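Visitor: To start, I am sharing the structure in question, which I have written as C-alpha cells.
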Amino acid sequence: MAPLKSWLQINAKSHFSLHNIPFGIISTPDTPEPHAAVAIGEYALDLQVFSQQNGFSALSIIQPHQKVFSEPTLNAFAALGRPIHRVVREYLQSVFLDNGPFPDVLEKNEQLRKAALLPLKDCKMHLPMFIHDYTDFYAGLNHAYNVGVLFRGPQNALQPNYKHLPVGYHGRASSVVVSSTPIRRPNGQILTNLAAEKKEPVFSECKKLDIELELGCFVCKPSQLGEPVRIEDAPEHLFGVVLLNDWSARDIQAWEYVPLGPFNAKNFGTTISAWVVLMDALEPFANAGMANDTELLPYLDEKDRKSNYAIDLSVSLTTSSGKTTNIGKTSAKNLLFSFPQMLAHHTIGGCPFNVGDLLGSGTISGESKNEKGCLLEQTDNGKTEITLEGGEKRKFLENGDTVTLTGVCGSEEGALVGFGDCVGRIDPAVQLSF
Amino acid sequence: MASGSWLSIPKGSHFSLANIPFGIISTPPSVAKHAAVAIGDHVLDLHEFASHQGFAELQDFPPDHLATFSQPTLNDFAALGQDAHARVRRYLQEIFAQESAFPGLLKDNNEVQRASLFRNDEVELHLPMKIGGYTDFFAGKNHAYNCGCIFRDPAKALQPNYLQLPVAYNSRASSVVPSGTHIHRPLGQFLSTPGAVESSFGPCRRLDIELELGALLCKGNKLGEPINVNEAESNIFGFVLLNDWSARDIQAWEAVPLGPFNAKTFATSISPWIVLKGALEPFHAVGILNETKLHPYLREVRKNNVYDIKLEVELKTSDGETAILSRTNGSNLVYSFAQMIAHHTIGGCPLEVGDLIGSGTISGLEPGTLGSFLEASEGGKRSFDVSSTSQRTFLEDGDCVTIRGWCGEDDSNTVGFGECSGTILPALKPSWLET
C-alpha cells in the first residue's frame with residue numbers, strides 16, 4: 001500500500017512512520033511521573049495529556065479505560081487486549097493522517113499539540129512494562145549451531161533436543177533495563193586455564209564481555225497455573241516486540257553453567273529498546289521463519305500461520321574515541337521458533353503467565369561472517385579479531401564501548417516500522433575489596 | 001524464653017511464643033488479604049489488632065508502619081527492616097505472655113479478641129509475599145553427590161565448579177504457590193527410552209519432590225552493587241519450607257545446555273508462615289564442611305552459618321496410607337544463604353524485597369534421609385516401600401506430600417514452619433490437545 005502521509009512533518013526514513021505507532025513510557029520535566037506515550041516521527045504523543053484533554057473523545061471504546069495512560073507502565077493498557085490495542089492504534093493513525101477524519105482532535109488544535117506533542121529528545125524513557133518473569137529462548141539456529149561448532153565440533157553442534165522444542169532458560173527480570181542504562185562489567189569466577197586437570201578459577205573482572213542481538217516480546221494476556229496456552233490462541237497473548245541485548249560474560253558462563261545453565265553470566269544486565277512495536281504494526285512483515293526439518297508435536301504446530309517477522313537488524317559499536325563501526329547485520333527471519341511457539345512450549349506443563357512477562361528470542365545470526373549476532377561467533381571465541389573504523393581491534397567489549405542495536409521492517413520510505421535504538425555503554429567493573 | 005502464654009498453646013506446637021511467624025490471611029469478616037501471625041492453634045489478625053489499638057504500647061511505630069499490616073503482602077512490612085521486625089515480634093511475645101505487661105490490649109480484652117484472634121481453621125492462607133524473582137540454588141551437597149552418582153562415576157559425581165561457587169539457576173516466580181495448592185501432573189516432552197531419536201509427549205512419568213528451605217528477602221541492592229557476604233544476613237526477612245516439584249523425564253530431555261525449565265515451572269510450593277530470621281537465632285549450626293579455599297567474596301566470618309532444622313517428608317497415598325519417607329536436617333548445606341546472596345549479586349545482579357532464594361534439595365547420605373524420589377529410588381531403578389503394601393519410584397496421582405520443619409528440643413518453645421503440602425492431581429488434558 002502507498003505510505004500513509006501525516007500532516008505532521010515526518011522524515012521519510014523515520015522508523016516511527018505512521019505505519020508504526022509504538023508505545024512507551026516517558027517522563028518530562030513538566031510531568032515527572034512516568035506515563036504512556038506513542039512515538040511518531042521525532043515526537044512523542046503524551047497519552048496522559050492527550051487523554052486528559054479529551055483527545056480520545058471520538059473513540060468511545062477507550063473512554064472507560066483512559067486511566068491506563070497515566071499508569072507508570074503499559075501493563076494495564078496491554079491487559080485491555082489485542083482488539084483494544086488495534087483500535088487505539090488505528091485511531092491514533094487516523095488522528096495523524098493527512099486529510100484524516102479527525103482534524104479537530106490534534107491537527108487543528110494548537111493548544112493540545114503544544115501540550116501533548118513533545119520532541120523525543122525532551123523525553124526520558126523508562127522500562128515500558130513491569131516484568132514479572134523474563135525467559136530467554138535460544139531459537140536462533142545459526143547462533144546455536146555456530147556456538148556448538150566452537151565447543152563441540154560440527155557433528156555435535158546442535159543438541160538432540162534443539163529442533164524438537166524451543167530450548168530456553170529463565171532470565172533475571174530484575175536485571176532488565178531500558179536502553180541507555182550503563183552496564184557495569186561484572187566481576188566473577190573465571191577459569192583461565194580450561195585444560196588444567198585441577199580446576200582453579202580466579203576471581204576477576206569479566207574479560208570476555210559480549211553482546212547478544214535478540215528480539216523481546218511482551219505478553220498481554222495472563223494464563224493460569226495448570227492451563228497451557230493453545231498454539232492457535234497464543235498470538236492474542238502477545239502485545240508487542242522490542243530489541244533486546246542479552247549482555248553476556250562468556251568466561252563467567254563457561255565455569256558456572258554446568259549443570260544448571262547460565263546465571264551470573266547474564267544477570268548483571270539485559271537491555272531492551274524503549275518503544276514497544278505492537279504486533280499489528282509487524283503484521284505486514286510476517287513470514288514463516290526458518291524451516292524445521294523435524295516434525296513438531298501438535299502443541300507446537302502452527303501449520304501455515306506466519307509468526308516470524310522480516311526485521312532487518314543491525315549492530316554497531318562506538319568506541320570511547322567516538323568512532324562507530326557496523327559490526328553485524330542480519331534478519332529476524334533467522335529464528336527456528338516463533339514467539340507463539342515459545343509461549344505454547346513455556347505453558348505446556350502449566351506454568352502461569354502474567355501481563356508484562358518478557359520472552360527473549362535468543363541470539364539471531366545469519367549464515368555468513370558479517371551476520372553474527374554476538375562477538376563469540378564473530379571472533380571464534382576470541383581466536384580472531386574484528387577491526388573497527390580507525391583501526392582499533394576487538395575480540396570482546398572494552399570499557400567505554402557503546403553497542404547499539406537497531407531494527408526496522410520494510411524498505412519503503414515513509415512506511416518504515418522500526419524499534420528505535422537499544423543502547424548500552426560498558427562501564428568499568430566495580431573495584432571490590434574484601 | 002521462660003514464660004508461657006495466657007492463650008492455650010499445645011505442647012509441641014510449631015507456633016510457640018518463641019516463634020511468631022508472619023503470614024497473609026483472609027477471614028470471613030475481612031476478605032481482603034492482610035497480615036497475621038500464628039500462635040499455637042490460633043492466628044492474630046494484625047490488621048484488626050492494629051485497628052483496635054493493639055499496638056498502642058509499641059514505641060516508634062508510626063501509623064504508616066502499622067498500615068503495612070493492612071497490605072495484601074508482607075513486602076512493605078519486610079522493607080521496614082530487621083530492627084522493626086524484631087521489635088514487633090518482641091512486642092507480640094509480650095502481648096501473649098502469661099504475665100503480659102499490657103493485658104488490657106488483648107489478654108483481658110474480649111472485644112479485641114473477638115475481632116482479631118481466630119482459630120487457624122477459620123482463616124484462609126495466601127502467598128505471604130509478592131515474589132519478583134525466585135532463584136534456586138543447589139547447596140545440598142549430599143543431594144548433588146547422590147544425583148551425580150546416578151549419572152556418573154562417583155569420583156566425578158560433583159562437577160568441578162560445585163565446591164567453588166554456589167551453583168544456581170533462575171526459576172519462575174509466577175509458579176510459586178502456597179501450601180495446599182493442588183498440583184496437576186505436567187504434560188511435556190521427554191524421551192521414553194534413553195537414546196530414543198523421537199521425543200514422546202504426554203503426562204510426566206517421573207514426577208518428583210525436592211525438599212528445600214526458602215529465604216525471603218527484606219532488602220535488596222542496586223544494579224551493579226554486590227552484597228557483601230558478611231552483611232548479607234541483614235537482607236533476609238525469614239524462611240519457609242519449599243517443595244521444588246520436579247518432572248525428571250522432562251528435565252532430562254530439555255536441560256542441556258541451558259538448565260532445568262519446564263521441569264520446574266509447573267509449580268513450586270512454599271509453606272505459608274514465614275519464620276523470621278530472629279526466631280532462628282538460637283539454632284545456628286555449622287553446615288557441611290567445604291574443604292575448598294573459597295574466594296574472598298564467599299568467605300563468611302560466621303562459621304555456624306546454617307540452621308539446625310529438623311526436616312521430614314511425609315507421603316499420604318490416595319488410599320489414606322501415610323509414611324514418613326525421609327528425616328533429615330536443614331544444616332545439610334555446603335553454602336549458607338548469605339553466601340548464596342553474595343554469589344548472586346557478585347556481578348551486580350539486583351535483588352529486591354520479596355525475592356525468594358531456594359537452598360537446593362536437602363538430603364543426608366543414607367536411605368530414609370533423602371530429599372527427592374530420584375535419590376530414594378536410585379534414579380528410578382528400584383522402588384522403595386511406603387507401607388507393607390505400597391511402593392514408589394516416583395509420585396503417583398493422588399499422592400499428597402507434606403514437608404515439615406522445626407527447631408528446638410523444648411516442646412514449649414518449638415520454632416517451626418508448619419507444613420508445606422501438595423496433592424498430585426492427574427494431568428489436565430485440554431480437549432484441543434492430541435496426545
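In case you wondered, yes, glycine gets a Cβ from its N, Cα and C as well.
In case it's useful when we look at the structure, here is the feature table from TrEMBL:
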DOMAIN    B:18-128  domain 'Fumarylacetoacetase N-terminal'
BINDING   B:Asp136, B:Glu210, B:Glu212, B:Asp244  Ca(2+) binding site
BINDING   B:Phe138, B:Arg152, B:Gln251, B:Thr361  substrate binding site
ACT_SITE  B:His143  active site, proton acceptor
DOMAIN    B:160-419  domain 'Fumarylacetoacetase-like C-terminal'
BINDING   B:Asp244, B:Lys264, B:Thr268  Mg(2+) binding site
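What's the neighbourhood like for each of these?
Guide: In this structure, B:Glu212 (Ca(2+) binding site) is part of a beta strand by DSSP.
Under DSSP, B:Gln251 (substrate binding site) is assigned to a helix (H, G or I) in the three-state scheme.
The Cβ of B:His143 (active site, proton acceptor) lies under 8 Å from the Cβ of B:Gly360, B:Thr361, B:Ile362, B:Ser363, B:Leu370, B:Gly371, B:Ser372, B:Glu375, each on the same chain and at least six residues away in sequence.
Under the three-state DSSP scheme, B:Thr268 (Mg(2+) binding site) falls in the strand class. Taking the Cβ of B:Thr268 (Mg(2+) binding site) as centre and 10 Å as the limit, one finds 29 other Cβ atoms among all the protein chains shown.
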Visitor: Of these recorded positions, B:Phe138, B:His143, B:Glu212, B:Asp244, which are close to chain A by the rule of a Cβ under 8 Å away?
Guide: B:Phe138
Visitor: List the helix, strand and coil residue totals of the domain 'Fumarylacetoacetase N-terminal' (B:18-128) as derived from DSSP.
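Guide: So the counts come to 47 helix, 22 strand, 42 coil.
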Visitor: Starting from B:Thr268 (Mg(2+) binding site), work out which of the binding-site residues listed here (B:Phe138, B:Arg152, B:Asp244, B:Gln251) have their Cα within 10 Å, and give them in sequence order.
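Guide: B:Asp244, listed in sequence order.
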Visitor: Pick out which of the binding-site residues B:Arg152, B:Lys264 has the most other Cβ atoms within 10 Å of its own Cβ.
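Guide: By the 10 Å Cβ neighbour count, B:Lys264 comes out on top.
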Visitor: Within 8 Å of the Cβ centroid of the Mg(2+) site residues B:Asp244, B:Lys264, B:Thr268, which other residues of the same chain have their Cβ?
Guide: B:Asp136, B:Ser171, B:Arg172, B:Ser175, B:Glu210, B:Leu242, B:Asn243, B:Trp245, B:Ser246, B:Thr265, B:Ala267, B:Gly358
Visitor: What is the average pLDDT across the domain 'Fumarylacetoacetase N-terminal' (B:18-128)?
Guide: 97
Visitor: Out of these binding-site residues, B:Gln251, B:Thr361, which one has the fewest other C-beta atoms within 10 Å of its own C-beta?
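Guide: Output over binding-site residues B:Gln251, B:Thr361: least Cβ neighbours within 10 Å is B:Gln251.
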Visitor: Which one is closest to B:Arg152 (substrate binding site) in space, judged by CA to CA distance, out of the binding-site residues B:Asp136, B:Glu210, B:Glu212, B:Asp244, B:Lys264?
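Guide: Among B:Asp136, B:Glu210, B:Glu212, B:Asp244, B:Lys264, B:Glu210.
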Visitor: Could you list the residues of the same chain, at least six apart in sequence, whose Cβ is under 8 A from the Cβ of B:Glu212 (Ca(2+) binding site)?
Guide: B:Asp136, B:Gly140, B:Leu241, B:Leu242, B:Asn243, B:Asp244, B:Gly358, B:Ser359, B:Gly360, B:Thr361, B:Ile362, B:Gly371
